[in-house]
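K.L.:
From Swiss-Prot, here are the annotated features:
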- 188-292: domain 'Fe2OG dioxygenase' (DOMAIN)
- His215, Asp217, His273: Fe cation binding site (BINDING)
- Arg283: 2-oxoglutarate binding site (BINDING)
Amino acid sequence: MAAPISLKWEEHSLHENKFVRDEDERPKVPYNTFSNEIPVISLAGIDGCRRAEICDEIVKACEDWGIFQVVDHGVDTKLLSDMTGLARDFFHLPTQEKLRFDMTGGKKGGFIVSSHLQGEAVQDWREIVTYFSYPIKARDYSRWPDKPNEWRAVTEEYSKVLMGLACKLLEVLSEAMGLEKEALTKACVDMDQKVVVNYYPKCPQPDLTLGLKRHTDPGTITLLLQDQVGGLQATRDGGESWITVKPVEGAFVVNLGDHGHYLSNGRFKNADHQAVVNSSTSRLSIATFQNPAPEAIVYPLKINEGEKSIMEEPMTFMEMYKKKMSTDLELARLKKLAKDKQQDLEVVKPIQNIFA
């Protein structure tokens, strides 16, 4: 299915509406019914007397949810304000301006409307602009927007500062696993960083769709900066129940990804989450994905006595990623087959009744 150039809700037929989710995938909790279950952790004193206390708080959050929020993280509030302001300015540009950086057709970085795996029938209600920032040699500035004018300078600084914060958090997680503090960073080899800016416009029927479908991130950790609207949701029971993460001004939401989950031998959860939308206001979030290099080996860094590895054998991160994508595609294919079969049965039943 080709990506659209703008988000348009088809009112006349929900069957033809490419944004309508199956009933079991639709939001169960409102975007603004906030939960306090996700801990908010102050990083003040992380390099001093509070390090052990902070480590304990992060460990508990990773074991319970794979998600926590951090404040007092040292990232300048002006940088956060500049980054979010420029992001909103970009999405308010005319469509043709944004489409100059269209990333369909396999282009690495740029702008796209909606998102979905190739082969999936349903799309997400969002626009995104993304760029690859680390390793520096992989940057392709031709794919970075040139409007607003300050975009490149601010996003470069933002990427650098968040790389530093991510490495600091990985040190704490390494120590929590009983390893040297550089262990997780070393396991990433030459750490990748990808920044995805999400814009979720108002939606006419938000109860039928998602801004971003349920998933876990493939990488090590993700740092999410979100506005105060609300819409990030998490589950820890396989999707039976959901909570909406309460936005905290200036905080980063930290999600543990699949790579971090495997390196911890399953001790730390990979955050199971989604984004919902609403009919009242747009929402903005900026996700910074910290991923291992494609050739990095994925396998538990420490297996305690009496435990077994949750992985059958080591694999590269690229192999892990491809396996994850193929599994997701196969699940989507099987679900679509079941849905099509059910629709066929619903057509046949009335015909059978006529001749009964």
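From the backbone N, Cα and C atoms, a Cβ is placed for every residue, glycine too.
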K.L.:
In whole Å, note down how far the CA of Arg283 (2-oxoglutarate binding site) lies from the CA of Asp217 (Fe cation binding site).
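P.N.:
Counting only the Cα atoms, the answer is 20 Å.
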K.L.:
10 Å Cβ neighbour count around Asp217 (Fe cation binding site)?
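P.N.:
Excluding its own Cβ, Asp217 (Fe cation binding site) sees 24 Cβ atoms within 10 Å.
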K.L.:
Just name the most isolated of the binding-site residues His215, His273, Arg283, going by other Cβ atoms within 10 Å of its Cβ.
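P.N.:
Looking at the binding-site residues His215, His273, Arg283, the Cβ with the fewest others within 10 Å is that of His215.
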K.L.:
Please report the Cα separation of His215 (Fe cation binding site) and Arg283 (2-oxoglutarate binding site) in Å, rounded to an integer.
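P.N.:
About 19 Å separate the Cα atoms of these two residues.
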K.L.:
Using the recorded Fe cation site (His215, Asp217, His273) as reference, state which further residues of the same chain have their Cβ within 8 Å of the centre of those residues' Cβ atoms, listed in sequence order.
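P.N.:
So the extra residues in range turn out to be Leu212, Arg214, Thr216, Thr222, Asn255, Gly257, Asn270, Ala271, Asp272, Gln274.
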K.L.:
Measure from the CA atom of Arg283 (2-oxoglutarate binding site) to the CA atom of His273 (Fe cation binding site) and give the result in Å, rounded to a whole number.
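P.N.:
Taking the Cα atoms only, His273 (Fe cation binding site) lies 16 Å from Arg283 (2-oxoglutarate binding site).
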